[in-house]
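What follows is a single structure, written as structure tokens, with notes after it.
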Amino acid sequence: MSSYGRCYTKEVNGSSLPDKKPTVVFVLGGPGSGKGTQCANIVQHFGYTHLSAGDLLRAEQNSGSENGEMIKNMIKDGQIVPSEVTVKLLLWAMEESGNDKFLIDGFPRNEENRAAFESVTGIEPEFVLFFDCPEEEMEKRVLNRNQGRADDNIESIRKRFKVYTQSSLPVIEYYDSKGKVRKIDASKPVEEVFEAVKEFFTSLDDKVAA
Ligand SMILES: Nc1ncnc2c1ncn2[C@@H]1O[C@H](COP(=O)(O)OP(=O)(O)OP(=O)(O)O)[C@@H](O)[C@H]1O
Ligand SMILES: Nc1ccn([C@@H]2O[C@H](COP(=O)(O)O)[C@@H](O)[C@H]2O)c(=O)n1
Ligand SMILES: [Mg+2]
């Protein structure tokens, strides 16, 4: 790693952003709404790099980092890790990827995340993909996920739903007020959800090509 997010910070050591700002799509929705599942499909079809904030935090937790214990406790409790930690991990991953098109999944999760990313990078998302799904369906999916996640248990899930409603939905509403939200009915089967997702990315490709 050459430096901490050097390319994607507004100004570090007097150097500014690369000529062309990266394309960023934020992927939001409740726990188990299908963000990770659909991001894998988008990567295959549209050449984006998928960065899941939760996955980056879990990797940091397991890396022996000084923040490991704090991250572990906050994830178990469904709490949102301070932006200072998460934005740094995202910037490292963006720089390391060598790509200029990113799906940022599960971020920004609260107003602090949103403001920190914007002030550090100056990047505005192209749009926000919002997976809208009823809580009962999300709960069922998370409890059946079987990926060994420490927060896929009923106690943690209830806390995550509460944090989602109190802290994450207001961020979606903020972007909605700016006309940036592209809402998807995420309760449908995976293939049908992807058909709806595809339309937004095809439109963006057409806009870029025009
Ligand atoms: N449309 C769908 N219909 C039924 N099951 C689905 C659908 N989309 C995803 N799933 C399943 O639901 C579970 C949760 O999906 P996924 O991990 O993609 O959600 P997520 O939004 O990334 O959740 P989290 O925020 O907890 O990381 C997985 O087991 C996945 O296979
Ligand atoms: N911006 C974020 C994203 C995630 N977290 C923590 O990770 C947990 C799991 O996230 P998933 O997206 O993989 O479900 C989440 O509940 C938070 O504890 C975070 O702090 N900040
Ligand atoms: Mg996920």
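Backbone N, Cα and C atoms are what each Cβ position is placed from, and that goes for glycine too.
Note: TrEMBL annotation is automatic and uncurated.
The ATP binding site annotation in TrEMBL covers Gly32, Ser33, Gly34, Lys35, Gly36, Thr37, Arg145, Lys188. Following the DSSP three-state reduction, the secondary structure of Gly32 (ATP binding site) is coil. Under a cutoff of 8 A between CB atoms, and with a sequence separation of 6+ in the same chain, the neighbours of Gly32 (ATP binding site) are Cys133, Glu137, Met138, Glu139, Lys140, Arg141, Val142, Arg145.
The ribonucleoside 5'-phosphate binding site feature in TrEMBL is assigned to Arg58, Gln79, Ile80, Val81, Gly106, Phe107, Pro108, Arg109, Arg149, Arg160. Counting only same-chain residues at least 6 apart in sequence, those with a Cβ under 8 Å from the Cβ of Gly106 (ribonucleoside 5'-phosphate binding site) are Val27, Leu28, Lys35, Ser52, Ala53, Gly54. Look at Gly106 (ribonucleoside 5'-phosphate binding site): DSSP puts it in coil.
Sequence-distant neighbours of Asn113 (CMP binding site): residues of the same chain at least 6 apart with a C-beta under 8 Å from its C-beta are Ile80, Ser83, Thr86, Val87, Phe107, Val171. Classification of Asn113 (CMP binding site) by DSSP places it within a helix. Residues annotated as CMP binding site in TrEMBL: Asn113.
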Of Ser33, Lys35, Gly36, Arg149, binding-site residues neighbouring ligand 3, Cβ under 6 A: Lys35, Gly36
Most distant Cα pair in Å, residues Arg58, Gln79, Ile80, Val81, Gly106, Phe107, Pro108, Arg109, Arg149, Arg160 binding ribonucleoside 5'-phosphate: 21
Other C-beta atoms that fall within 10 angstroms of the C-beta of Arg145 (ATP binding site): 13
Sequence-ordered binding-site residues from Gly34, Lys35, Gly36, Asn113, Arg145 with Cβ under 6 Å of an atom of ligand 1: Gly34, Lys35, Gly36, Arg145
